[in-house]
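Report on one structure; see the data block that follows.
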């Protein structure tokens, strides 16, 4: 494969990932302010307000990324199924599922878009809304279970492998080599998810 073609594909992939995260940067900033102010080592520690930090990272941020990823592919319907499918990986794992949203959101939107294309023009007038809602619900049901049972364990395994690699290198005083594990993890799971997840 030509180097320029490969470079263009990598840039396109990077732009796709960026389009999933960038519309939600304001929420990341707000979450960062909560951390800076209210965690026990923050500027104004507050045990009660600190309770917001975990659920936002665990549930809201991955679901927003799943919604945005789906919406980028198939509008509001894609966003809705993307968020729904993302909940399967969120609940199915003990690690932060930002990358889970980046996987499940597009999968849900692409499959729903293909299904809608298949049935377009074949649904009787007056039944469109019913078919639209049931197709999204049934496909979302399948994807949320798939995410819970299959995708979440895979992502958890990858993150656990990367964490174990860092711990192995650290215990043997090979600190410069930890970047072999940290950098891929930062790319896959974003910095804050590693630092606080």
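Here the Cβ of each residue, glycine as well, is placed from N, Cα and C on the backbone.
Looking at 52-74, 167-189, the stretch flagged in TrEMBL as transmembrane segment turns out to be 52-74. Ranking 20-40, 52-74, 80-112 by CB pairs under 8 A with the transmembrane segment (133-155) puts 80-112 at the top.
Long-range contacts of the transmembrane segment (20-40) within the same chain, counting only residues at least 6 positions beyond its ends with a Cβ under 8 Å from a Cβ of the stretch, are 46-47, 49-50, 52-53, 56-57, 60-61, 64-65, 68-69, 72, 101-102, 105, 190, 192, 196.
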